[in-house]
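Structure first, then comments.
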Amino acid sequence: MEEEITLKDKKLLEKEEEIQKIKRELSQIREGSSTNKEQIPKQDKPTSPKETKAENMNDEKKEPSTPGSSEYSTFILNMLHSFGLQKTFSGHKKCVESIDYSIFDEGRFLCSGSSDKTVRIWDTNTAKQLKIFDGHSASVYCVKFSPYHYHNYHQKVIGFASGDKTICLWDFETTKVQALNGHDRAVRCIQFSPFNGGQYLCSGSDDNTICLWDTATHKSLNVFKAHTLGVWCVEFSPLQSANNKNVGAGIIGGTGYTLCSGSADNTIRLWDVETGKESIIFKGNTSTVRSVKYEPYGIGINGGGNAICSGSDDATVRLWDIRSGQANKIFKGHGSRVTCVEYLPFISSNISNIRVAGGNIICSGSVDKSICFWDIRNDKQLHKINNEISIFCLQFHPLNTMNTKKSHKEFTLCYGGGKGRIQFRRLICD
């Protein structure tokens, strides 16, 4: 008996030593930037005005802190650990499949679609439900605010896709609903165009097709066919480079833009928006591709959009190079299917000239109840948030608030999933 107690005490002591070691390492990372500065030797002789001027010019040309440096590590660590649960929106009776955020007349709104067959509108400031649409006979898989209707007619319209084969455009002030009919099976996803003020909408369906719609006329313009199983996600390419003289040309004004789709056939396909022709097939996933996102505008070469991030039922997050058609990075860390991926918004720090571009950090959500952050330059998992609900959708909302005493940027990470819940976490970047 005494021997067993001694062994238990020994194990507890070892664990305590391990915990203390981890704490010391974290402390070293946080203090790394100041330690490095202290280790730089001081010059014995005074510098001349010319030398001082040259040094100042060199300082101006210095690149921001790079991944792997102590300053960068400290900033990322502090930034991600500043996430705190802020609000919970409760109302849906079943899983929240999709969310979207918008600002109308200085009001901040969130819409959500659920497998309880309803669409709901929320005031993000008060977390109160404002409107509910319950006219569907099946799950609502995707919701999006329409930029076209608001900017052209000052109408507050939401587009949403359902398992009842329809896409609806709902003016949630007048309660008027316009249906877009054309798919033969459940509609899984929709996306408004980044060109022509969001006039066009693409949709993906279990009938294996992608449709391109004109929301002004409510007519289908084109049907993209190549997938052999249902289409689960669609995404337009980001705003094109200002140097691209062809932007705005073409039948619908989408010259230079592409469309990306992920499917239950395990492939991701790239399409020309104007012609509807398939240009690239990305193969490598071993299960359904549930989410695709283009690299943000301004990050990559020639204006961005040269990479595509994806999440799959094979529990991986992959980064695809459009030029080579290959997955050049595969992130493994989730324990179950990855339902959603997003790029972190652009963040700027006031200290040490650190700038973290949104295209360098990927956020992913999974039904394993976790949200992971990945640094694509270091090929590492930066942080993991464990939740009490499965994650089915997530989105970043830039608040850009300013404090007179302390300048900072704020972002809200909003996510929805199991138990009918939507939750907000606020990220403060000092």
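Every residue, even glycine, has its Cβ placed from backbone N, Cα and C.
TrEMBL has this to say about the protein:
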COMPBIAS  39-64  compositional bias 'Basic and acidic residues'
REGION    25-70  region 'Disordered'
REPEAT    89-132  repeat 'WD'
REPEAT    133-180  repeat 'WD'
REPEAT    180-223  repeat 'WD'
REPEAT    259-281  repeat 'WD'
REPEAT    282-330  repeat 'WD'
REPEAT    359-384  repeat 'WD'
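For the repeat 'WD' (133-180), DSSP puts the residue distribution at 7 helix, 22 strand, 19 coil. Long-range Cβ contacts of the repeat 'WD' (89-132) within its own chain (Cβ-Cβ under 8 Å, at least 6 residues beyond either end) map to 138-145, 150, 156, 158, 160-162, 170, 172, 390, 392-395, 397, 412, 414-424. According to DSSP, the secondary structure content of the repeat 'WD' (282-330) in residues is 3 helix, 24 strand, 22 coil.
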